[in-house]
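J.: Pasting a structure below so you can have a look.
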Amino acid sequence: MGFFITFEGIEGCGKTTQLRLLKERLEAAGEKVTVTREPGGCPVADQMRAILLDAKNSAITPLAELLLYAAARAQHVQEVIVPALERGETVLCDRFTDATVAYQGHGRGLDLTVIEELNTLATGRVQPALTVLIDCPVEVGLSRALARIEATSGAKEERFERESLLFHQKVRNGYLTLAAAFPERFVVVDGSGDVRQTGLLVAEALRQRMQSLGKAGLAAVKAGC
């Protein structure tokens, strides 16, 4: 079996950039890597992503939102993640089940027990071995995210970025609560600095965690920046 790593964080935290940098280091070292994301990651789930992230769809209810995420995840796990792990690849996923707990649970206030049950059903109990939480103040993350959106041509995925500061603070608190509850799986990295600063912190955090997991080869790959 392969090794499953997820990257999590609030809007604009820099997780997508750090995931890409890790992919490049792994591939340069000869590792086989599958990079994917949620919502989306495959054609069926990408159609649901378009609905979920389009600001024009502000009428989506919290429950409908939750169920769309679960449906997209069920397809994504079976079509992309499980096959890649069975091929022995390292899977890097931009958001996974923790995002649903943070956004729909802590942010929207939906029942956490229901979310846990849906996540278990959608994933077939597939869970990451390691989750990298890129944490930064809400104001910093939103400033970056909105600047990125304004610079983007074509369809803008901005429904969550347009939520209130209070919503995003609840999401951040939800992530930090998860990290405290599952310290054996989470590493928390300060993402308030620039890309290089954050990258160095990610590399060192991964090196230490991989060594503790007995993944010496992967630890050596991830230490470079």
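Note that the numbers count up from 1, one per residue, in the order the chain is shown.
Cβ coordinates are placed from backbone N, Cα and C, and glycine is handled just like the others.
The following feature annotations were taken from Swiss-Prot:
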- GLY9, ILE10, GLU11, GLY12, CYS13, GLY14, LYS15, THR16: ATP binding site (BINDING)
J.: Return the count of C-beta atoms lying within 10 angstroms of the C-beta of GLY14 (ATP binding site), excluding that atom itself.
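T.: That number is 24.
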J.: Cβ within 8 Å of the ATP site's Cβ centroid: which residues qualify beyond GLY9, ILE10, GLU11, GLY12, CYS13, GLY14, LYS15, THR16?
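T.: The answer, listed by sequence position, is ILE134, CYS136, GLY141, ARG144, ALA145, GLY191.
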J.: Is GLU11 (ATP binding site) helix, strand or coil when read with DSSP?
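T.: DSSP assigns GLU11 (ATP binding site) to coil.
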J.: So if I measure Cβ to Cβ from CYS13 (ATP binding site) and keep only same-chain residues at least 6 apart in sequence, which ones fall under 8 Å?
T.: ILE134, ASP135, CYS136, GLY141, GLY191
J.: Please identify, from the binding-site residues GLY9, GLY12, the residue with the sparsest Cβ neighbourhood, meaning fewest other Cβ atoms within 10 angstroms.
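T.: Relative to the other binding-site residues in GLY9, GLY12, GLY12 has the fewest Cβ atoms within 10 Å.
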J.: At a 10 Å cut-off from the C-beta of ILE10 (ATP binding site), count the other C-beta atoms across all protein chains.
T.: 28
J.: For the binding-site residues listed here (GLU11, LYS15, THR16), tell me which residue's CB has the most neighbouring CB atoms inside 10 Å.
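T.: Sorting the candidates by Cβ neighbours within 10 Å, the top entry is LYS15.
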